[in-house]
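Novice: Annotations per TrEMBL:
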- 182-289: domain 'Fe2OG dioxygenase' (DOMAIN)
């Protein structure tokens, strides 16, 4: 789907660039084969998800059961919004943190070639009511609610499969946090406009749409249109381009799940590069726990006498406040890593 829009900025010098990855068909086939694809109807899905969380912190899910209409209806409305003039979009309520944002990511100086809408999923909060979508705010909010419900259900299904794959008796030990009425989850729609004027000025480099980072929550469910741009970092630091698939979803392991698994799973570092000719629209559900939830390695996983606890306990509120004070690419978990005692060295 092509999105027609005005350039967000006249001068791109303050937005970072990165080396252009290969776009050959051989490279596309290679990346398609590397990224784990999990069929949620596969009897072995639990085991495959555990392996993907350990190796990549990232995987694609198919046979997810989400109707395509739930996806396309919301995407179409989002495209209509992002096609509006900048004056109209600015009326939607500036992101603080919820609302409409343009280029600025957070409050610590990070910027990217992106504009977005950010919503809370907690019905007890009223932030969403102040976000005015020109045309039909009620319809947009209803579509967001429908989509978020589908993403929450899928996220909970995946988390329960993880619990089973780890042989945890309490199947909902992770999913209960997303289903809690006080779950501090959020939903974001990102729009990365095309930037054809940069083809000559960047000399073969890519403009950063959203800088490298990890997600602080438990799990993220990502879906995009058919434009590439998402990249994940492998264990050796290599950046791997993720081929888009508008009919599937991608799952990110977040920082909180890395802690609760005591480092068994890795929170995937990822970024988005802008496409010079085509717009990218992505929709992300960030599944978070209640603010008061204590985050620590699960006791049921710490039964081996020689396994050391890698992280100090913290509440989600504490971690969230800490994350807001950092830059996008910082290692937020480093402040909560447990230092080995003298006897363990």
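Going from the start of the chain as shown, residues are counted 1 onward.
Each Cβ is built from the backbone N, Cα and C atoms, and glycine gets one as well.
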Novice: Summarise the model confidence on the domain 'Fe2OG dioxygenase' (182-289) as a single mean pLDDT, whole number.
Specialist: 91
Novice: Write out how many residues of the domain 'Fe2OG dioxygenase' (182-289) are helix, how many strand and how many coil, based on DSSP.
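Specialist: Result for the domain 'Fe2OG dioxygenase' (182-289), in helix, strand, coil order: 10 helix, 46 strand, 52 coil.
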